[in-house]
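S.K.: The structure's right below; bear with me while I get my questions together.
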Amino acid sequence: MQALLFLMALLLPSGAGAEEIIGGVESIPHSRPYMAHLDIVTEKGLRVICGGFLISRQFVLTAAHCKGREITVILGAHDVRKRESTQQKIKVEKQIIHESYNSVPNLHDIMLLKLEKKVELTPAVNVVPLPSPSDFIHPGAMCWAAGWGKTGVRDPTSYTLREVELRIMDEKACVDYRYYEYKFQVCVGSPTTLRAAFMGDSGGPLLCAGVAHGIVSYGHPDAKPPAIFTRVSTYVPWINAVINTSS
């Protein structure tokens, strides 16, 4: 039951319910050039949003639960209400969901998006490095999440990119999450502070020392930390294999 509540708390974007930034601040415009804003049309025709991040000129990494009938990626954005000159809007050619993804324990919540064309790298649009397969981020590390998600449980999603600093927790802090698995997931956010990713932030990155170690996956419906992020290092071989065969 709790796993289902968690899933409801961050199943997709603004309008369907996905992670967002609570307790954070507005980002300096274009200071996170790898950030991707995903405009999604679901199989039911709903329009929702997720986050993602650019890892090569033609691939964006995000959460598998951000899948949809159609996805358009906006790169180089800060305020998504505006047609900023820095923005590059590209449709997704192919959604590649991890073959072991299961929405009920929400394991392997990772997806690659192949863009219809390669992006132009600029000061506002650039890739972010991934960890090595053996590089596990450890408890106590301070990392950053960013996104255009909700800024409060009852608030709308943000038009401008926001970010929040979060602590990596020991796996014991996520004991309430029945299906949490250390090898595949990261326990993120101190329960003593209300700082979190929330609805609309799903699929966005967790940056530790400039490296994308996590993907916003799911959390409690009231946004109380900690939350669960997909552990990127575990999936680096899969990511590389997909890119090599799909390029």
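For all residues, glycine too, the Cβ spot is worked out from N, Cα and C.
Because the structure is a prediction, the values reported are computed rather than measured.
Reproduced below are the annotations present in Swiss-Prot:
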type	residues	note
ACT_SITE	His65	active site, charge relay system
ACT_SITE	Asp109	active site, charge relay system
ACT_SITE	Ser202	active site, charge relay system
DISULFID	Cys50-Cys66	disulfide bond
DISULFID	Cys143-Cys208	disulfide bond
DISULFID	Cys174-Cys187	disulfide bond
DOMAIN	21-244	domain 'Peptidase S1'
SIGNAL	1-18	signal peptide
S.K.: Should any of the recorded positions Asp109, Cys143, Cys174, Cys187, Cys208 have a Cα within 10 Å of the Cα of His65 (active site, charge relay system), which are they?
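M.R.: For His65 (active site, charge relay system), the recorded positions whose Cα atoms are within 10 Å come to Asp109.
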S.K.: Run through the Cβ atoms and count how many others sit within 10 Å of the one on Cys50 (disulfide bond).
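M.R.: Counting Cβ neighbours of Cys50 (disulfide bond) within 10 Å gives 34.
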S.K.: Mind telling me which of the disulfide-bonded residues Cys143, Cys208 has the densest Cβ neighbourhood, counting other Cβ atoms within 10 Å?
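M.R.: Per the Cβ count within 10 Å, the most buried is Cys143.
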S.K.: If you count the other Cβ atoms within 10 Å of each Cβ, which of the disulfide-bonded residues Cys66, Cys174, Cys187 comes out on top?
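M.R.: Checking each of Cys66, Cys174, Cys187, the winner is Cys66.
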S.K.: Calculate the distance in Å between the alpha carbons (Cα) of Cys187 (disulfide bond) and Cys66 (disulfide bond), and round it to a whole number.
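M.R.: Here the two Cα atoms lie 20 Å apart.
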S.K.: Does DSSP put His65 (active site, charge relay system) in a helix, in a strand, or in coil?
M.R.: helix
S.K.: Given the active-site residues His65, Asp109, Ser202, which one is most crowded in terms of C-beta atoms within 10 angstroms?
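M.R.: Most Cβ neighbours within 10 Å: Ser202.
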S.K.: Hey, how far is Cys208 (disulfide bond) from Asp109 (active site, charge relay system), Cα to Cα, in Å?
M.R.: 19
S.K.: When you put Cys50 (disulfide bond) at the centre and draw a 10 Å sphere around its Cα, which of the recorded positions Asp109, Cys143, Cys174 have their Cα inside it?
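M.R.: Among Asp109, Cys143, Cys174, not one has a Cα sitting within 10 Å of that of Cys50 (disulfide bond).
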S.K.: Disulfide-bonded residues Cys66, Cys143, Cys174: which have a Cα within 10 Å of Ser202 (active site, charge relay system)?
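M.R.: Matched disulfide-bonded residues: Cys66, sequence order.
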S.K.: Measuring Cα to Cα, how many Å separate Cys174 (disulfide bond) from Asp109 (active site, charge relay system)?
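M.R.: Roughly 17 Å, rounded to the nearest whole number.
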S.K.: Which of the three DSSP-derived classes (helix, strand, coil) applies to Cys50 (disulfide bond)?
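M.R.: DSSP call for Cys50 (disulfide bond): strand.
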